[in-house]
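Enquirer: Attaching a single structure in structure tokens format; questions to follow.
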Amino acid sequence: ASGVGSDKILVSVTEGDSVIFHTGVETNQHEDIKWYFSNNRIAQFSRFPSVFCTDVKCNADKVTESFRDRLKLDIQTGSLTNMNIRPSDSGIYELKIISSSSSSEQIFHIVNVVPAAEQEEVKINEGESVTLHCSEIRKPNDVLTWYFNDMLIAQISDDPKKTCADVQCKNADERFRGRLEVNQNGSLTIKDTRNTDSGLYKLQMTISHSSVSITRVKRFSVTITAVPDSSLSSSAVAVISVFVFLLVIAAVIAGVIYYRHKGYEPAALNDNGVNNSSPNPKDIALRDTGHP
């Protein structure tokens, strides 16, 4: 957003953003606050007579139909919120404030609605660290909020009471305790990732200016792949190695026994059933007496 003169403000937004056009006044000080888009009345708050309306309730036509259920009027300040911006919302928004003593006019011109980027896909292995980057340069008064599956996990703000990470945040989940870091620019780092960290991460950026506030959302789909426990793998390898070694030893022993048994052949027996290889008794007697 940028100021142009005293009554015009140019605004560039991303498709899907929410935009708040601020009046800078209190409605109890004025009788009539009216909002127009391309000269069509889209919202009004009046005290006398009592009138409160937005979109088709103010003026049932093609223009207001496109805003159906996307406009919100603050009855305290008269500020107008346009939710879920579409390309067709590009144009001139005009604010008219009327009181019994004076009247004023301010013009907001949305010059461009940029198509929203698709959600970013992030895939890493369990145990690694990952940083989800904020694409905006954070300025004073900007508030950046991180969600995991719509659960608040971190927030950064100039107000210390609105700054937190993991268990410091309201209704926090214990799973991220001590594993989240958010730098001053708003990027989120998850350390020592776990399989349970897989899911949708959403960064909501509230960019504030004096006359306009823009809420922008960026999404990250994070997938953490589980890695097998290396200690278990080592143990399994050790057991298999010992088992194979014992099998080899058993095979060697069996082979030795087999070949020894195969190499032994018993001597042939004669007709009287005597082993031919047995020594002759006469030879034994002669040997014992010392005769040849």
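The backbone N, Cα and C atoms fix where each Cβ goes, and this holds for glycine too.
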Enquirer: What range among 173-196, 269-292 does TrEMBL describe as region 'Disordered'?
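Expert: Feature region 'Disordered' in TrEMBL: residues 269-292.
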Enquirer: Per DSSP, what is the residue tally for the domain 'Ig-like' (115-213) in helix, strand and coil?
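Expert: Taking each residue of the domain 'Ig-like' (115-213) in turn, the totals are 12 helix, 41 strand, 46 coil.
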